[in-house]
Amino acid sequence: MIERGKFRSLTLINWNGFFARTFDLDELVTTLSGGNGAGKSTTMAAFVTALIPDLTLLHFRNTTEAGATSGSRDKGLHGKLKAGVCYSMLDTINSRHQRVVVGVRLQQVAGRDRKVDIKPFAIQGLPMSVQPTQLVTETLNERQARVLSLAELKDKLDEMEGVQFKQFNSITDYHSLMFDLGIIARRLRSASDRSKFYRLIEASLYGGISSAITRSLRDYLLPENSGVRKAFQDMEAALRENRLTLEAIRVTQSDRDLFKHLISEATDYVAADYMRHANERRVHLDQALAFRRELYTSRKQLAAEQYKHVDMARELGEHNGAEGSLEADYQAASDHLNLVQTALRQQEKIERYEADLEELQIRLEEQNEVVAEAAEMQDENEARAEAAELEVDELKSQLADYQQALDVQQTRAIQYNQAISALARAKELCHLPDLTPESAAEWLDTFQAKEQEATEKLLSLEQKMSVAQTAHSQFEQAYQLVAAINGPLARSEAWDVARELLRDGVNQRHLAEQVQPLRMRLSELEQRLREQQEAERLLAEFCKRQGKNFDIDELEALHQELEARIASLSESVSSASEQRMALRQEQEQLQSRIQHLMQRAPVWLAAQNSLNQLSEQCGEEFTSSQEVTEYLQQLLEREREAIVERDEVGARKNAVDEEIERLSQPGGAEDQRLNALAERFGGVLLSEIYDDVSLEDAPYFSALYGPSRHAIVVPDLSQIAEQLEGLTDCPEDLYLIEGDPQSFDDSVFSVDELEKAVVVKIADRQWRYSRFPSLPIFGRAARENRIESLHAEREVLSERFATLSFDVQKTQRLHQAFSRFIGSHLSVAFEDDPEAEIRRLNGRRVELERALATHESDNQQQRLQFEQAKEGVSALNRLLPRLNLLADETLADRVDEIQERLDEAQEAARFVQQYGNQLAKLEPVVSVLQSDPEQFEQLKEDYAWSQQMQRDARQQAFALAEVVERRAHFSYSDSAEMLSGNSDLNEKLRQRLEQAEAERTRAREALRSHAAQLSQYSQVLASLKSSYDTKKELLNDLQRELQDIGVRADSGAEERARQRRDELHAQLSNNRSRRNQLEKALTFCEAEMENLTRKLRKLERDYHEMREQVVTAKAGWCAVMRMVKDNGVERRLHRRELAYLSADELRSMSDKALGALRLAVADNEHLRDVLRLSEDPKRPERKIQFFVAVYQHLRERIRQDIIRTDDPVEAIEQMEIELSRLTEELTSREQKLAISSRSVANIIRKTIQREQNRIRMLNQGLQSVSFGQVNSVRLNVNVRETHATLLDVLSEQQEQHQDLFNSNRLTFSEALAKLYQRLNPQIDMGQRTPQTIGEELLDYRNYLEMEVEVNRGSDGWLRAESGALSTGEAIGTGMSILVIVVQSWEDEARRLRGKDISPCRLLFLDEAARLDARSIATLFELCERLQMQLIIAAPENISPEKGTTYKLVRKVFQNTEHVHVVGLRGFAPQLPETLPGTQTEDTPSEAS
C-alpha cells in the first residue's frame, strides 16, 4: 500500500519572537499551546505563508476582525516579521520517500504601505541529517548567528553534491512542483484555484462552517468535468472556427475578385508610372549626354567658324584691294579691244574693197577680151551653121530610099569597123605602126603630155602676141606706173627701174608677209610673258597657300609627292566611302534587328515570367521545351500518385473519426442502444461502473470481463426477464450481470492472473483465457488515452490529408499552368534573351556610332587633306607646264627683238599696202618696157607653128583616146565579116549623114550658146565697170577713216586685245566671284556663328536644366528605389515588358488604372486619401506609398486562418487552390463535429449520476462523525427542477426544437441557452449573453443543488447553519466538510498525478479550546482514519493525550522579545517523553 506523504517540520527564521525555530510536526495532531500572544497564530501564519505565498490572498486577522470589512494594512504579515531576511520552510517527505524542503524568503519593504517581498523556493535531494536551520543560518560564535540571503543559500547548496535548489518566479510553478511531488492535494493552475485552496485553509484555521465554502460547495466537491467540458468547448470552438472559416472563405471568395482587381489595377497604375519614370530617367540621361556632346561639338564648331571668319575676312580685304586695279585694267582693255575691232573692221573693209577692186580690174580686162573673142566666134559659128545645114539636107535625100534600120549584128559590125578605122587612124596620126589596142592606153598618156606642153607653149605665145598687139598702149601705162612708184625717170631706164622696183616689191612683200608670223610670234611671246607673269603669281599664291616658299626645282618632286598623297588619300576616301557605307549598312541592320528584338522582347519577357512562375511553383529549372513536356508527364504521374495516396489517407482518417466517435460515447458504450437499454432496465453499464479505473488497471479489467465488458449491471435479473421477451433493438450479444451498481466489485468471477493474461473460470467446465489488450479501451482513462492517441493520429492524418489535397490541387493547377504555358509561350520561352541581344547590339551600335563619328572626322580630315592636295596638284598642274617659262629669263628680250622685227615688217606692209597695186599692175606689163615693135612678126610665125603643133598633138591624143574607148569593139570581128559585103554603101551614107547632122547640131548649139554668151558678156562688162567705179570711191573713204582711228590693225591685234580683256575679265570675275563668295561665306559664317552662339546658349541652358532635372530626379528616384526595396515590391513594379512601351502608352495605362482604382477604393477612406495624394505627378514616391498601402490593406484582409502568407499575390494564388478544398473539407468537418442534443443530455445525466454515486460514497465516511449534539453529517445532492426539464426535453423532445440546433447562425451553447429560455420564460437572465448561459448549462454542476445536513438531537436531519449549531458543533461540522473536500480533491487529482504518490493531508484549527474533549477525540479519530495531519492551537488548559504538544511562552529579556518553546509527545498510554532539542530556549542574536 502506498504511504501517504507527511509534513516533517516547520522552520521559522527571523520571525517576530522566532529567530531560528523548527517545529517537528506529528504524523496526526500537532498542538500549539500557550497563552494569548504566545505566537500560536504567528506559527500557523508562517506555515500558511510557505504553503500559499500569494500576497493577494494572505490576510491574517484575529477573531476581533471577523466582522470587519477591512483589516490591517499589512494583512497581518508585515508585523509578524523582523527586519532583514526572513524564511518560512516546510520539510516534507512524500510517498516516494523523497525529502523536499519548500519555503519562502520574506523581507519587509520600506514604505508606508508595509509591503512584504516573497520569493518561493524548493530544495530537493537534501540529506536527512541536514537540518533546515543549518541551511539558512551561519554561526558566527557561540551566541551569534547570521541569516543567509537567498543568493548565499543558493551558492551554499550548489556546493553540496546531489542537492537541487529551485527558485520560482511564479506561484503557479511553485504549486505545480508541490503538486507533482505530493505536497498539496490539488493542482492549482490559476488564481481561482489558489483562492479556493486558501479559503479552505482559512476556514480550517478559524473554524466553523464557512459560508464561502458552503455557498460554493459544488465548486469544491464536484470536480469539473474537464473532459466533457473541453470536448464541448473544443467542439464549439471547432464549429465556431469552422463556421468562421467557412464565412471567411465566402468573404474571401467575394474578396478574391476585388483582390485581383485591386492588385491588378494598382500594379498597372503604379508599375506603369514607375516604368515611365524609369524610362524618362534613362531618356533624360541620354538627352543630357546628348546635350553635353552637342555642346562640346558646337563649341568646337564655333571655334572653327571663328578661325574661318578671320581667314575669310583677311582674304576678303585682299580681294577688295585688288578689285579696283582689276576694274581699271579691264576697262582699258575693253576700250582697246573696241578700237582694235573698229580698226579691224575698217581694215577688213579696205582689204575687201581692194580685193574686190583687183578682182573687178581683172574681171574687167578679162571681160573685154572675152567679149572680143565672143564676137569673132559668133561670126564663125554663123558660117559653120549654114554649111552644116546644107550638107545635112543633101545626105538625107540620098538615104531616103535606103532601109531604115539594121539588127544587132549590123550595129556590132559597124562598131568593129569603126574601131578598126580608129586604130588605123591612130597609127597613121601617131606614126606608130606597131600600135595595138592593148598599148594604146600607154601611148595615150604620152601624147596627152605632149598636147599639154604644146598647149602651154601656145598660150605663152598667144600672150606674147596679145602683149605685142597692146604694146603701144601698154608701154605708156607701164611707164606711168614706174614713175608713180619711183618718181620721174628716163624712158630708157624704165625697164631697169621697173625690174628693181619689182625685186624690191618682192622683198617688201616678203617682209609684209612676215608681219603676220611675226605678229603671231610676238603674240605668242607676249602670251608666254603673260603666262610667265601668271605663273609667277600662281607660284606666289601656291607658296602662300602652302605656307612655304618653294624653288622651281622642288615643284616637280612636290607634284609627285602630292600625286602620291592624292592617290593614297583617294584610295582612303574611296575605301572610307565603302567602309562608311558598310558601317551605315551594318548600323541599319543593327537598328532593324534591335527593332525586331524590341518587338519580340515583351513576348519573350511574358514567356519568361510564366516560365519563372512555373519554376518557382515546381522548384525546377527548365532549359528546353523537351524538359517542360517531360516534366508535364512527370506531373501527371505525380498527380495520379497523390490522388491515390490522398484517398488512402482520407479512408484512414474516416476510420479514425469513426473510432473516436465510438470511443467518445458517454459511459464507454460503443453502441448507443446500450445506454437506452440500461435506462430501460434500470441498470448501469459495466463500463460506466469501471469508468474511473486507472490506465494501468485497464488491461487487466478489459481481459477480466472479456466480451462482457459492455454488459449492463442490474439489481435483479428476475425483474427484467419479462422485458427481454421480444427485444430486438439490441446488439447481437447482450450481457446482463446482477449486482449493486453502488458496491459492485469483480468477485463475480474466479480469476487466475497470469503474465499479461488472465484465466476466468466462468463455470466448472468453462474457462476463458484472455490476454491483456495492447490498446485497452476499458475505463475512461484508457478511452481518453486511446482517444488522445487517435486524435494525435487524426491530426497527423488530417494534416497529411490536407497536405495531399493541397498538393493535388496545386499539382492540378500546376498542370493547367503548364498547359497554358505550352499553348502560349513554349515557342518563344527558350529562345535567346532578346534583351541581352539588344544590350549587345546597342553596345555594338554605340561602337558603330563612335566608329562612324571617328570615321567621319578622319574622313573629313582626309577630304580636307585630299582637297588641299588636289588644290595643290591643280596649282602645280598649272605651274608645271610653265616651269620653262619661269626658268626663261630671256623671254622679255626676245619680245623686244620680235617687236623690232615686227615694226620693220609693218613698214614693209605699209609700203606694199601703198604701192602694192601699182606693183601688181606693173608686174604683168613690165615686159612691155623691154619689148620693141620689130619682134611682132616673128612672134606671129612662132604662134602659128605652135598652134599647128598643138592641133596635131590634140588629134593624135584624140585618136588614141578613141582607140582606148573602142577596145571592146575589137571583139566584134565576126559581125563585120557578115555585113562587110552588102552594107558598105549604106554605111558610108550614114556616116556622112551622122557627121553632117552632128556638125549641124554643134554649129547650131555653138551659135546659140555664143549668142547668149556674147549678150551676157556684154552685160557683165557694163556691171563690172559700174562696180569698179563705186568701190574705188568707197576704198578711198575707208582708208581715210583708218588713218583717223590711229590703231595698228593686224590679224592678231583683236585676238590679243580680246585675250587680254578676257583674261582681265576672268581675273575680275574670279575676284568678284571670290569676293562674293567670301562675302556670302562671311555672312553665312557670321550667321552660323550667331546661330552657334544662340545654340550654345540654348544648349548650355538646356544642358544645365536637364542636368538639374536629372539630379533632382535622381534624388527623387533614389527615394523611390529605397522605398521600393524597403517594402520589397520591386519585383512587382519593375515589369520589364513595360519598358518597351512609349510614355503616352504608359500614361494611358496608368490613367485607365487610376479610373478603375477610384471606383475600387471609393468605400475605403484611407486608400481613397492615399490614392488622391498619389495623383500628384511631381511626387512619384506617393504612388509607391499607395501601392504599399494597398498591399498592407490586402495583407490585413488576408485571413491567416486560411492563407499563411503576407503576400497578397501569393495569397490569391493560394486562394484558388485552397478555397474549394477547404469548403468541402470544412462542410464535412462541421457535420462530423456536430453533436446531437440527446447525446448532450445523456452525457450530462450520466455525469450527474456518477457524481451522485461519488457523493454517496463520501457520505459513508461522514456517518460516524459526531460533535456535541450532532450525531452525523451528510451531503445532499439534488437536480434542479428547471434543469431536469431541460434534460428531458433534450432527450425526448429534441425534434420540436431542431430550429435552434440546426441553425448555422447559433452555436450549440447558444441554442441550448435559447431552449432554456424557451422552457423557462419566467427566469430573468439578466445581462448575460446566450453563449455564457449555454456554457453554464453544459456544466453538469449547475444542474445540481448541494447542501450540508446534520443529524442533531431530536431535530433529525436539518441544514447545517452556524445559527442552528453551537460553536463547537459548527467547528467540528466545518472540519468534517473540509476533510471531505480534501479527500474529493485527491480523488479528482489521482488521474493527473503519478499513481505512486499519495499527497499530504493537513488542516489547521485555531482556538480549539471551544471544543470539548469528546469533539477533540473525534477529530483525532478522524485524522487517524483519514491519515491526516492536524495543527491546532489552544490555551494552556488544553492538554491532548495524543500527538505532539508544544508549549509556547513569550518572554522579554533585556528589551529583547523571544518565544520559549517546549515540545511534548502524547502521554497516553505511555509516559510523556520529551522531544529532543525542545528544552533549549531560542536566544535570538543580532544579525551580523
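Positions of Cβ are set from backbone N, Cα and C atoms, glycine also.
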| message | Quick check on the annotations: Swiss-Prot lists coiled coil for one of 69-125, 639-695, 1209-1265. Which range is it? | response | 1209-1265
| request: Could you tell me which of the ranges 9-37, 444-472, 1343-1371, 1372-1400 is annotated in Swiss-Prot as coiled coil? | output: 444-472
| Chain residues outside the region 'Disordered' (1049-1074) and at least six past its termini with a C-beta under 8 angstroms from it | 315, 319, 322-323, 326-327, 329-330, 333-334, 336-337, 340-341, 343-344, 346-347, 515-516, 519-520, 522-523, 526-527, 530, 906, 1042
| field | For the ATP site built from Gly34, Gly35, Asn36, Gly37, Ala38, Gly39, Lys40, Ser41, further residues of that chain with CB within 8 A of the site's CB center | value | Leu32, Ala1433, Leu1448, Arg1450
| task | Would you please pick out, from the binding-site residues Asn36, Ser41, the one with the fewest other Cβ atoms within 10 Å of its Cβ? | result | Asn36
| note | In this structure, the one of the binding-site residues Gly34, Gly35 whose CB has the fewest other CB atoms within 10 Å is Gly35
| With DSSP, how much of the region 'Flexible hinge' (666-783) is helix, how much strand and how much coil, in residues? | 44 helix, 26 strand, 48 coil
| field | Gly39 (ATP binding site), number of other Cβ atoms within 10 Å | value | 29
| query | Secondary structure at Gly37 (ATP binding site) (DSSP, helix/strand/coil)? | reply | coil
| message | So if I draw a 10 Å sphere around the Cβ of Lys40 (ATP binding site), how many other Cβ atoms end up inside it? | response | 25
| What number of additional C-beta atoms lies within 10 angstroms of the C-beta atom of Gly37 (ATP binding site)? | 13
| query | Near Ala38 (ATP binding site), how many other Cβ atoms are within 10 Å of its Cβ? | reply | 24
